[in-house]
Amino acid sequence: MLKKQFGFEFQTLVDGEVILHLYSRGGIEETASMLDGVFAFILLDTGNRKVFLGRDTYGVRPLFKVLTEDGFLGVCSEAKGLMNLKHSMSSCPKVEPFLPGHYEVLDLKPSGKIASVEVVKFHSCKDEPLHAAYDTVENLPSGVELETVKSNIRILFENAVRKRLMSHRRIGSLLSGGLDSSLVAAMLLKLMKESNITYPLQTFAIGMEDSPDLLAARKVAAHIGSEHHEVIFNSEEGIQALEEVIFSLETYDITTVRASVGMYLVSKYIRKKTDSVVLFSGEGSDELAQGYIYFHKAPSPEESAEESERLLRELYLFDVLRADRTTAAHGLELRVPFLDHRFTSYYLSLPAELRIPKNGIEKYLLRESFQDSNLLPKEILWRPKEAFSDGLTSVKKSWFSILQDYIDQQVDDLLLEKAAEKFPFNPPKTKEGYYYRQIFEKHYPGQSDWLPHYWMPRWIKATDPSARTLKHYKSTAQE
């Protein structure tokens, strides 16, 4: 799009080349603001002796940095790549995640040393992005009349999926059978046909033998006509994967680890058994459209809206961290249309009362927008929220319960009692939390502040992030 718009002449087929052209045209601020997609970059301008770092709005692509007192800069897409730098310094360098939606300007001194000049926030999730002016979707009708809003949501979502179709490698889609991944897969297949992509869309679901996710995903795949793959795993395989998963994720957050096991195992299967490399997925919708069950307990629409924005700002610590690392660990590329800048800024611009759960159903506005589209069977479109880690397994014995039973044998009560002494920062309150923290500290000692706080539901007295512990979930699960 930018290449055509500004007449850039590319020397290569590498999509990252556009960064160089944008920078020479308008400087770093314009470069970061005009990139419509996910990115993490380091740009070296030797002529002006400057170094620039930048990361996309939601931090879908990871970026870590080390800057020592004596001017040594290290940058990597994984923190583990910076952990053992052999550089002459008195103390261990501080490895930090680079903040999403920011760029940093650094000076390159004649001595070769680096010094930070400024860190600038170039985009906030509520602001319409600068690149919207060059989008294929022209000005949408304004106003908050419901039919207009629903139509705009459909147009922008379709546009978000369409612009992510560019790929030299085969496209596939993760499909849990929940609303978000189902909408993505259905829209993707429709647009692939319209774009004359000749190979069939492969969709991928994972679960244990009688998991609700597998059954729902099967129904969606049959409705849209994808080439569907099911990956069955047992509790032993799930438990065995925990250490590899924590090593890949670089976090000890409970809900993130729990939900990552299924995604890690399905990605492993995709890499080994298929030729799909670019994977579409439904991340971002729960944060944007207020899909978590605890939103039913929000004191007001305004507080719901604030919470939605907080969740979006912190995605890089939780859900997109899970989705990027579990797929990238197997050489796969993640694409997340719900986090399209134009789509999210429009959705967040809508009145707060339009976006809250309605009639006991979360993400009501999103579901209602696709009610007449025939993209999905009605029972999938209106399927209640499942925690990803719980939908993998049967209602009788959830992944949550399997983990508790196993970890109960691994962590002594006495260890948990003394957890706050051993781990004063973010002390684990449960055996599961303790178990994950031990594995994390083994690989990344002293780096617990990569996670500022655990992911937890708001407005209720929760001690565990699992949706299964919430009253609303129990009542709907039993119906």
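Numbering starts at 1 and runs along the chain as displayed.
Cβ from N, Cα, C; glycine included.
Feature annotations, courtesy of TrEMBL:
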BINDING   Asp15  L-glutamine binding site
BINDING   Leu174, Ile206, Ser281, Gly282  ATP binding site
DOMAIN    1-109  domain 'Glutamine amidotransferase type-2'
SITE      Glu283  site 'Important for beta-aspartyl-AMP intermediate formation'
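One way to see the shell of the ATP site is to take the Cβ centroid of Leu174, Ile206, Ser281, Gly282; the remaining same-chain residues with a Cβ within 8 Å of it are Ser173, Leu175, Ser176, Ser181, Phe204, Met263, Val266, Leu279, Ala323. The average per-residue pLDDT of the prediction over the domain 'Glutamine amidotransferase type-2' (1-109) is 89, rounded to a whole number. Looking only at Cα atoms, Asp15 (L-glutamine binding site) sits nearest to Ser281 among the binding-site residues Leu174, Ile206, Ser281, Gly282. Within the same chain, the residues at least 6 positions away from Gly282 (ATP binding site) whose Cβ sits under 8 Å from its Cβ are Leu174, Ser176, Gly178, Leu179, Asp180, Ser181, Ser182, Leu183, Val184, Val336, Phe338, listed in sequence order. Look at the Cβ of each of the recorded positions Asp15, Glu283 and count the other Cβ atoms within 10 Å; the largest number goes with Glu283. The two recorded residues Ile206 (ATP binding site) and Glu283 (site 'Important for beta-aspartyl-AMP intermediate formation') have their Cα atoms spaced 16 Å from each other. For Ser281 (ATP binding site), the same-chain residues lying six or more positions away in sequence with a CB closer than 8 A to its CB are Ser173, Leu174, Ser181, Val184, Ala323, Thr327, Leu334, Arg335, Val336. The Cβ neighbour count for Leu174 (ATP binding site), using a 10 Å radius and every protein chain shown, is 27.
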